[in-house]
Amino acid sequence: MPAPAGRARRVLAATTVAVMGTLAVGMAVAAPSSADAGPTLGQLAAAQGRYFGSATDNPTLDNAPYTAVLGSEFNQITVGNTQKWMYTEPNRGQFDYTQADKIVAFAQAHDQIVRGHTLVWHNQLPGWIDTVPAGELLGVMRDHVANVAGHYQGEVVHWDVVNEAFEEDGTRRQSVFQQKIGDSYIAEAFKAARAADPDAKLYYNDYNIEGIGAKSDAVYNLVKSFKQQGIPIDGVGLQAHLILGQVPSTLRQNIQRFADLGVDVAITELDIRMRTPRDATKDAQQAADYRTVTNACLAVARCVGITVWDFSDGYSWIPSVFPGEGAALIYDENFAKKPSYWAVHEALGGTTTTTTTTTTGNTGSGCTATYRVTGQWHGGYQAEVTVRNTGATATSGWTVRWTFAQGQTVRSLWNGVLTADGQEMTVRNAPYNGRITVDGTTAFGFIGAHTGTNDTPTVTCATA
Ligand code: G3I
């Protein structure tokens, strides 16, 4: 079936349109409006020659607070569901782009580039696929790729041509395509996509290939053999559906090895899930994890961008698939920015940390304490205090004190026990971190609120 003529490619403009509606305010510690925050993630990423985007789905296009963020914060959008086969070819030979076109139009109206997702996948297929005789499926697959990629010619900058074709052990997933067409189906899909849209970058996309291992090795070998054979492939998408505290240690090395094969790499579906409910400790770990992922991408020139798999915890696939888990994204369910947002913002070069002065209060009592504001936003901040044992023997406990001068508060604190008496703060060690070896350190952190000025207080430290 011939593909329809493509439409004109939209070029990403340097600016993003700020369409801020009324944003509901959630947790007070992380609830600045986007308008307060200076550059957006999309703008910061663009300054680094990259994009920072979000997946989205059709039902949320009617939600004004949601689209206010979607349209202003990101410079890239991925069609989260409605470009999949069950939506685009619900009946054999009958194509329907009604839903996906709405998302592409939204992106174009907001100067956002579009990642197309996805042409060939074992999931979200129409039922009729199973009835196609083995001898006809290759032709059916080529027609589908030609038609969908042809429809969006010039409008989609990356296509996830084939999605999730490998098992964890690196063997081929026994999808209907694998079973009825055989190993060659992946190459055939890429060739059909190149023919339909010669300018789109063609990606292989998968999960659990962020670190080096059997599955990512299989993808690595696929890309290598495609390059050797001249089969068109331009990029690898690392989905990055990650778990709190478990960013693979080989992420950067893995991105680099794909880049060294001569393909681009994109982080395509980033989220970092936790057991719910959130708390300040988990939020801090999640912020660190988002920062690690962002830095890994920035460290490799061919890592072209990062996409979160939707941006708000209220619109994530995680809770329905992993009961008891969630809070995986960079905005909460009320569209308030989380510490993970600010970690990405800062990693991309944002200057949200307005106070980084350190003050050391040394009472001569065997320890020093260093207070550092690690992130600050309208009305809120995050700080870390490092306690160092300067004595001659290990400590059995410690106490850090300071007095706020500008009405700041501490809302939640981890790795220590807080006593607040008006503006006077006393933090004692938690049961597990009172012992510090000679010249060793420990740290506690907290999230707090301020009313506009947030000077670093003078801190004192004493050992028990
Ligand atoms: O559209 C129907 C709606 O009519 C019905 O009322 C409702 C009832 O459950 O279901 C709706 O369909 C759901 C669809 O998303 C659209 O919301 C499906 O049940 C649901 O299974 C489907 O989940 C999608 C999932 O892919 C399917 O595997 C998620 O939204 C989507 O975020 C997720 O995305 C995948 C990527 O494509 C590939 N990588 C993994 C990622 C997460 O699973």
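Count begins at 1; order follows the chain as displayed.
Positions of Cβ are set from backbone N, Cα and C atoms, glycine also.
What TrEMBL records for Glu269 is active site, nucleophile. Here TrEMBL flags 55-347 as domain 'GH10'. Taken from TrEMBL, the feature domain 'CBM2' covers 360-464. Here TrEMBL flags 1-30 as signal peptide.
Taking the Cβ of the residue listed as 'active site, nucleophile' as reference, residues of its chain lying under 8 Å away and at least six apart in sequence are, in sequence order, Ala55, Thr78, Asn205, Tyr207, Gly237, Gln239, Ala240, His241, Thr307, Val308, Trp309. Looking just at the domain 'CBM2' (360-464), the mean pLDDT is 86.
Secondary structure counts, DSSP: the domain 'CBM2' (360-464) has 0 helix, 60 strand, 45 coil.
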